[in-house]
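Here's the structure, in structure tokens; my notes come after.
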């Protein structure tokens, strides 16, 4: 690495803390077994009536993931959700996730109707990167290429030169660095720092963070590893450096699931949103998954390893949005057209450069492969 990380401090917007509280207040109660079965049957009928397909993120509750799989929908990372929706015949997509995912789906499928169970379901990375402040920051550094993570608003994407996911962010930054480009990175400081450390690129880092991953604690993880010495540690790169440093595998949602499936290990400590455990248990039955610690035993946490905005998606509001057709995502046509450019640039790069990674099942051997791939 030829240069230390350079960063610019920005406070989170005033509404963020309130938004967290409001999100937890809006998390729906779990329905009874009888109501759950009735809601699922109702939703199946409404999906058929509306000729709609359900796309869900790995971080939403298990019952929504199950329903998406059972009805021919998709459970995936954020970019694959949008790709699936773009390529599916359905003209109505119901996105169970957070708002930037709905916006990305609309950008890639501008002529389709995009619905969400709750339009208030947002993301701390999105909230922490308001377009006016970010645009001013970019204007102050006109000599830099602007690279933004998928977890941003359509307006922020429209200000960017490149959009990336963790599947290809490292490769794109490495390519830009090799061409002598200097970079503005937004919004996640931990993922940006990880990529900067790997590539040595000249990067100015926006100081955003994921509410969930930012709370994982390196000291507490070290203590947990002592309790489970044979467990392999799976870490999403949005986590702090002290957590990433202890990982056996650093990767995205999809890649962490694959690592759990393909490894010969039987115990895993998982440092990402606990919603992913549903798919991990399906992919690797009989294996044990332990949540990485977000705080000490007597401490409180804002997320406790589960995104409050993801938790706002439930069976009741899913049925309601299909019944009423409200909560539709709209993206200004000009913004959507401009935001698609950095997305297409990433997809074109992936088509030219991406190679399939074959895993051996040996974590010690595969760690180098997993550390550079996967989507958010």
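The backbone N, Cα and C atoms fix where each Cβ goes, glycine too.
Given the structure is predicted, the values throughout are model-derived calculations rather than measurements.
Matching 57, 88, 177, 267 to the iminosuccinate binding residues that Swiss-Prot gives (78, 149, 150, 151, 166, 236, 237, 238, 253) identifies 57. Taking Cβ-Cβ distances under 8 Å and a sequence separation of 6 or more, the neighbours of residue 236 (iminosuccinate binding site) in its chain are 166, 213, 250, 251, 252, 253, 256, 271, 272. Max Cα-Cα distance over the annotated iminosuccinate binders (57, 78, 149, 150, 151, 166, 236, 237, 238, 253) is 18 Å. Residue 149 (iminosuccinate binding site) sits 12 Å from residue 210 ([4Fe-4S] cluster binding site), counting Cα to Cα.
Around the Cβ of residue 238 (iminosuccinate binding site), 30 further Cβ atoms fall within 10 Å across all displayed protein chains.
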